[in-house]
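Trainee: Dropping the structure in here first, questions after.
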Amino acid sequence: MRLTIIAPDSVHEHEVSPSLLIQDIINIVEATADLPPAVIVLTSDAGTPLTDPTRTLESYGLNGETATIFLTPTGPPVASSSSIPFPDADADIERMRLQALGNPSLMNDLRERDPETFAAIQGGTQSFKKALQLAQSRQRDAEFEKQRQIEALNADPYDIEAQKKIEEAIRMEAVLENMQHAMEYSPESFGNVTMLYINVEVNGHPVKAFVDSGAQTTIISPECAEQCGIMRLLDTRFAGMAEGVGTARILGRIHSAQIKLGSLYLPCAFSVLEGRSVDLLFGLDMLKRHQCCIDLSTNTLRINNTEVPFLSEHELPDKARRRGEAQVAGEMGDAAGQGVKAGVASPKIGKKTFPGEGHALGAGSSTGPGTATGSASATGARTGGTASVPSPSNRWKEDDIQTLVNLGAPRAQAIQLLEASGGNVDVAASMLFG
């Protein structure tokens, strides 16, 4: 039988037999509650005093699977456990404070989330003790206020607003229980995850690349492209706007540059984006092209039989250490994920055109009529007269334009795609679908 002994300031549970004598129960209480037998008065949950030490629990009707008795000390009032001075209490508090001081990760979290406790820990034992007492007082006040609100809400069971508040309170209690369960059984879920970076070389220049399988394209910043000496290969026909949660300007595309991963030298294409928070983002296009495997069990990026280790936290670039991972990922991933589709000759960025009327060489106007006649005749001899550049829609076959329109591209974008691909419909279609 499970016997619960409820004292004024504590609760004790014991597995006992119903045939146990009351005297034995008194001895148990004496040992657990540290009270002399003369001041111990036991009462059953039915209010029956257990005064005869020679009788058993069963004789008082306490013979079920569980039973409860109440302990009521007599004589001089007994101080509660919270008011009894324990000589080891300060030592325990100091031990707790020193443990916190010896945990740099905990101290960093306290500095950001609870500066008051952080200052109390650094202020010494008494300061930390006052902070603990204040926290306990706040907890008691919060429990009291919670109970008061529950009583106020239960005062009118037909009040719809009160019932909604009760429902929300129940929901929040479930949320807190779920959080406490997670903190107890999976505390690692509350830690920060180190983003995946690797050491690479672009055109012989060392770069720390961010590996992101959620980004559609591989991205490089203009500054990094300049440092690597590949900005001269930028194809501005692929300029546009990348739109996700935010927007970023696509300067163009570098179709092929040499990148070194481990001992492998591989070709890699880059989209050049302004305002990115990383120098190089290794996206899904290159991961799939080179059949890379992100192996988190070995913390490596595996390409065939070559393994490139991911960088540890202290090796990350300064940008990644200074900024939160969620902020970095949010700024990079969305624009990268839609970079190609939104960035191929996007009409949002005006395309640079030749600053003239499109006349052939030698057909420009002049001040003298003789010069104009001579120029026109000379031009006519070479080109058959004034030759205007055909409009973009006349340069390409109508069937090719219609093919791209049928695939979902507006007519203007279809013409731009054909210009970017040199009239190759298959290449233009691949650009359309990223």
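Note that Cβ sites are derived from N, Cα and C of the backbone, with glycine treated the same way.
Annotations for this protein, taken from Swiss-Prot, read as follows:
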ACT_SITE  ASP212  active site
COMPBIAS  368-388  compositional bias 'Low complexity'
DOMAIN    395-434  domain 'UBA'
REGION    315-396  region 'Disordered'
Trainee: Applying a 10 Å Cβ distance cut-off over all chains shown, what neighbour count does ASP212 (active site) have?
Mentor: 23
Trainee: Across the domain 'UBA' (395-434), what does the mean pLDDT come to, as a whole number?
Mentor: 78
Trainee: When DSSP states are grouped into helix, strand and coil, how many residues of the domain 'UBA' (395-434) land in each?
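Mentor: Secondary-structure composition of the domain 'UBA' (395-434): 29 helix, 0 strand, 11 coil.
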